[in-house]
Amino acid sequence: MIFYNSLSGQKEQFKPIEANKIKMYACGVTVYDDCHIGHARTYIAFDVINRYFKYRGYDVTLVRNITDIDDKIIKRANENGESTTELVERNIKAMHDVFARLNILKPSKEPRATETIPEMVAMIETLIKKGYAYQGANGDVFYRVTKFADYGKLSKQNLEALQQGSRVDVVEEKENPMDFVLWKMAKEGEPAWDSPWGAGRPGWHIECSAMSKKLLGDTFDIHAGGSDLRFPHHENEIAQSEACNECTFANYWLHSGMVKVNAEKMSKSLNNFFTIVEVLEEYHPEVVRYFLASTVYRSEINYSKENLENAKASVERLFNALRDIEPIEVNLPDDASEYEEKFIKAMDNDFNTPEALAVLFSLAKEINTLKTTNKYKASGYAYLLRKLCDVLGILFTDIEEYFKQGDGVDASEIEKLIAERTQAKKDKNYARADEIRNQLQQQGIILEDSATGTTWKKG
């Protein structure tokens, strides 16, 4: 298995620290607002990778943190006239809800920053003792970037160039404009914790260093996050952790590509910013997940109605292949392994989901061909298609339930009409029963009568 390591800037053979085990950390959400489509892109990308590692037999420990204390959280809570706790708890629940709808697996561990304050304080104390950090005149503690010789190795920038192009706010108590805060002194009315430097709260960057150290150790296999976090967040994590622990922080770095909207950067100022909930009001979670998983994880992805409609058509092609056929493992044909080998070859090469999906469509075509000529063989291929779709986390909805949703179909109204038709048949009003069947047929709804009742599906 090879994949692109942002640290080296090239594809590398993956070698875990411990055989058959993977320790992976993914930077989580700062829960000051609803999750947006960019979050969905990032966490679906890493969910696919997590699922693929498990499919390949690895025991994966995935840590995905929650940043539950931050300037943005305090600002938003004040604007809303609520406590930071109320804001955070509501947004964490909303995040969990939309992630579940998108079929994103729960991480092995999901630490909150506020649960790891003692570990952050301990790391900062170590950095001060080693000369990598200092306390400013106003009490804030800063990281001394000039002390860390490798600063810039992840973002491929040297410190001198960073200083010249810096847009960092100049703070008088900093020794260097690039120095970043490790501990902020408390302001009136803000959440605060005790520390050797006085009551305050941690800086953003130290949070991830402390949480990963606590749960995965000083060195772990993979650190993942959105490409927008590469600098300064991930660069600062490396500086903190490697100075404190005197060893490599993470061996491999994975960065997911950003979402563009109609080829423009997504931002609230451009009025092209979409929350996940807003997108799911228009498109089924299957479609959204497929769309976001269909591009190589580290490439930019263009959010547009056209691309989502294409994703919808693709999802329906795969679902239609599995319609009216029962997946049966024991019916797997001898040549089925060829499809699985092609799938593995694609995913082993930097998690190439477009090539992996091409294999799934080849399987779907085979199933459609065999449905009328060899149902036994078709059912074996259907099992394999289901299995490989699960690796990508797609086709997680019941087939008929999927086809009952969307396109203006009101399931409750259809159920009412079916109930009325059933009663009409009991009353021997067959003209009305036929009228309802024809009415639904014109809407693309097919009724299937059986001894146990009437079911329906979209044609």
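Cβ from N, Cα, C; glycine included.
Taking the Cβ of CYS27 (Zn(2+) binding site) as centre and 10 Å as the limit, one finds 23 other Cβ atoms among all the protein chains shown. Swiss-Prot lists CYS27, CYS208, HIS233, GLU237 with the feature Zn(2+) binding site, giving sequence analysis as the kind of evidence.
Secondary structure of the motif ''HIGH' region' (29-39) per DSSP (helix as H, G, I; strand as E, B; remaining residues coil): 3 helix, 2 strand, 6 coil. Here Swiss-Prot flags 29-39 as motif ''HIGH' region'.
Here the motif ''KMSKS' region' (265-269) returns a mean pLDDT of 74 for the predicted model. The feature motif ''KMSKS' region' is assigned by Swiss-Prot to 265-269.
Per Swiss-Prot, the feature ATP binding site maps to LYS268; the stated evidence is sequence analysis.
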CB-centroid shell, 8 A cutoff, Zn(2+) site CYS27, CYS208, HIS233, GLU237, site residues removed: TRP204, HIS205, GLU207, SER209, HIS223, GLY225, LEU229, HIS234, ASN236
Listed binding-site residues (CYS208, HIS233, GLU237), ranked by Cβ neighbours within 10 Å, top entry: CYS208
